[in-house]
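Enquirer: The structure that follows is given in the form of structure tokens.
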């Protein structure tokens, strides 16, 4: 029985934007979100805090690291400071916290041990939070429709809630054609324990969040926490205190304004290169680079490598109809990863022709003067031509007969 390969560290079909951008989008569609300003330097963060201090003397502040990763609150910094969301009492404290965040790495459950570099923070006025909830809208493929998931256990990881208290989760299936009904949202608000005017306020805000989900081709809108806060005028209102929104990359052609928000400087350079070449790539922590056509075959390849004692350095799906140039770029990406010590190419040619793959491999190996062990398994359309191209190339390529053979040879190549 195969052992499962390590869990991937990111999605390959989504665009993710920062919290401050997500909140602006929510406000655009009529939702209430905690406002704040972004600072790229500690000095700017102090200036923002001073401006708030002048408007609301004696107010407190929240400094939030702007990184494309969840779990900030429970994360820690490379230099030891705890938390990517910190409370400050004065503008000078805001400066000191921002100085510990900007230019440093934040490590969370989602970033792995390497962490992620922070180059900006969001400075907000602190608010009095009376209650916290979790709410998300996402696609449920099993149900074939969008689903609202909510719980009164806000501020926690939803996975933790689902494990410890599954009965605390509320799921509301939504009609794709009509969207959420008032009856559905009123019931949800009451299930969350809201009363009086807060029920309708919750309904209005969830409707706004669904507009973001629907109109912007979102794959996920996650608010954690969604809070009941007390305003300076002692009014109790619903407010999005944090926001994470992801978008379907296939919608880029009609969501140009949103996709212009993409922060490539915060992404793995390999991810950016793969995206530009229309390749599906996710970096992992192993040392065997993989290039495969088809997500299912890619997962099977990673599992088989793991079964034979190896560890995949990536998930890389070149798709079912890759051109020679894409094959070449895929190999360049693998070769650029300093952790990769061996490469396994596993291609099953249906629409894709094995001779095209072989030509791309040969061109890339010669161009890069690749000196890593390279194991190639080809099967399918024009496989004989493909194998002949590789055999006659004179290159040091290790042929494999099947997936198991390829995985064993890739793992063995690390020992030579």
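Backbone N, Cα and C define each Cβ position, glycine as well.
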Enquirer: The substrate site in Swiss-Prot lists 350, 351, 352. Which one of 224, 280, 293 belongs there according to the record?
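Expert: Of the residues offered, the record points to 293.
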Enquirer: Counting other CB atoms within 10 A of each CB, which of the binding-site residues 351, 352 comes out lowest?
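Expert: Each of the binding-site residues 351, 352 was scored by Cβ atoms within 10 Å; lowest is 351.
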Enquirer: Identify which of the recorded positions 60, 64, 72, 128 has its Cβ surrounded by the largest number of other Cβ atoms within 10 Å, counting every protein chain shown.
Expert: 64
Enquirer: Name the residues of the same chain, 6+ apart in sequence, whose Cβ is under 8 Å from the Cβ of residue 71 (ATP binding site)?
Expert: 108, 109, 110, 157
Enquirer: Let me check the 10 A CB neighbour count of residue 242 (Mg(2+) binding site). How many other CB atoms are there?
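Expert: So the Cβ neighbour count for residue 242 (Mg(2+) binding site) comes to 22.
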Enquirer: When you average the Cβ positions of 293, 350, 351, 352 for the substrate site, which other residues in that chain have a Cβ within 8 Å of that mean position?
Expert: 294, 319, 320, 321, 322, 347, 348, 349, 353, 380, 381
Enquirer: Looking at the binding-site residues 73, 350, which one has the fewest other Cβ atoms within 10 Å of its own Cβ?
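Expert: Sparsest of the binding-site residues 73, 350 by Cβ contacts within 10 Å: 350.
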